[in-house]
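Features of the protein shown, as given by TrEMBL:
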BINDING   A11, E32, L40, V76, W366, G373, V374, I375  FAD binding site
BINDING   H147, G148, N149, V150, R191, R192, E203, G373  NADP(+) binding site
DOMAIN    3-158  domain 'FAD/NAD(P)-binding'
Amino acid sequence: PGVCVVGGGPAGFYTAQHLLKHHGGARVDIYEKLPVPFGLVRFGVAPDHPEVKNVINAFTQTARSERCAYYGNVTVGRDVTVAELRQAYHAVVLSYGAEDNRVLGIPGENLSGVYSARAFVGWYNGLPENRDLKPDLSCETALILGHGNVALDVARILLSPLPLLKKTDITDSSLAALACSKVKRVWLVGRRGPLQVAFTIKELREMINLPGARPVLNPADFTGLENAIKDAPRPRKRLTELMIKTALEKPGEKTMEVQAVVAPAAAPREWGLKFRRSPEEVLPTADGRRARGVRMALTRLEGSGDSAKAVPTGDVEELECGLVLSSIGYRSLPLDPAVPFDTQRGVIPNSLGRVEGVPGLYCSGWVKRGPTGVIITTMNDSFETAQSVLEDLQVGVLDVSTSREGFGAVESILRSRGVRPVSFSDWEKIDAAEVARGKAAGKPREKIVDPQEMLRLIGH
């Protein structure tokens, strides 16, 4: 059987891996719109978290299997339609992730100085579409809206000592911009309370231990929480205890030697968590062009735990800042009119990865379950979808008696539309070039951020 996977990120690769491992006759073709593979492992994982990128080794093994092929630089829905893919393959799995971000929907969010965390992450990670972001880092205070791991990533990159970043695969131009950054205070603001934060303890601990930056947590935010978490699940309990401990520590208990090494005589950088505040408007400077602050509605919580809702109290507060980053979540987009899509939830309606009402069509990853969870969550999710495909092959829901042409059919379609796919060995040439450029600078790699340059490099 021939299976086609749309999307070369973790969901696509894990789906392919499972199919190849558990079906000795399956052939899997992976299509990716960028020339380069690995999706958010390359473009989402923070540069100072290299260990998280080790999954790339397993993905590379998958791509090198003789029953797997990778076709980069192919945009499904434009260069080839889902209907055309369904003609060419016995099964099609959509694993293209969440390529947009949720918007705040408040006045002033289009002012200069306001960015989505997604675009900011794409910028320092070398995502081609964000390479020209040029965020203005000339202010002292930055405000990040959101309490997830991405919000902490962004705060950490803004406040990290330059020597730490220089050893990572952060892009050259963002390193240069961060070297000139005036940002020394970062507030992370959430609509709900300390018990509803979405980041994990590992990321919080890393932020607390960041050299040269001190945490500013208000003890009043944490009073009485010890009781509230008595029966909470262990991860939530440990996370909250760490926040309480940090809030109650006296400033200066963190060794001053560390501070001196990083920024002798400079005022230490700082970051803090603010709770129960919902953004109402980004406030403009006198000329009406740039952000100078955010007006926030103070909220109170109705209900408790993860389902608690933030309700405005009627009070407002203004916070001064020249940089606003909204980190309120990613969003999947419909790919092709032929595919059902739930715009409310931002997912393809499915059961166990089988797309509702379209036999032979499947989905995995964020477009299947929404933009939540880490790589391991996506792995399990993709294995589940692959299992559905295998079951449908077994019971004959997918008719493999008729042969399908696979890439042969797609290739002629792409050629007729002037599209040249990028192979996995092409990617390995790009990879080698990046690693060589990085070596010269003492980095694991220097990412190429311009797709045209990637294509020139492989002689396209």
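Every residue gets a Cβ built from N, Cα and C, even glycine.
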Between the binding-site residues H147, R191, R192, which lies closest to G373 (FAD binding site), Cα to Cα?
H147
Give, as a single whole number between 0 and 100, the mean pLDDT over the domain 'FAD/NAD(P)-binding' (3-158).
97
Using a 10 Å cut-off on CB atoms, tell me which of the binding-site residues V76, V150, V374, I375 is the least crowded.
V374
Neighbouring binding-site residues, C-alpha within 10 angstroms of G148 (NADP(+) binding site) - of A11, V76, V374:
none
Cβ-Cβ distance under 8 Å, sequence separation of 6 or more, same chain as L40 (FAD binding site); the residues meeting this, in order, are G9, P10, G97
Rank the binding-site residues G148, G373 by how many other Cβ atoms lie within 10 Å of each Cβ and give me the one with the fewest.
G373
What is the separation, in Å, between the Cα atoms of N149 (NADP(+) binding site) and W366 (FAD binding site)?
16
Fewest neighbouring Cβ atoms within 10 Å among the binding-site residues H147, R191, R192 goes to R192
Have a look at the binding-site residues (A11, E32, N149, E203, W366) and report the one with the fewest Cβ neighbours inside 10 Å.
N149
Rounded to the nearest angstrom, how far is the Cα of V374 (FAD binding site) from the Cα of R191 (NADP(+) binding site)?
23
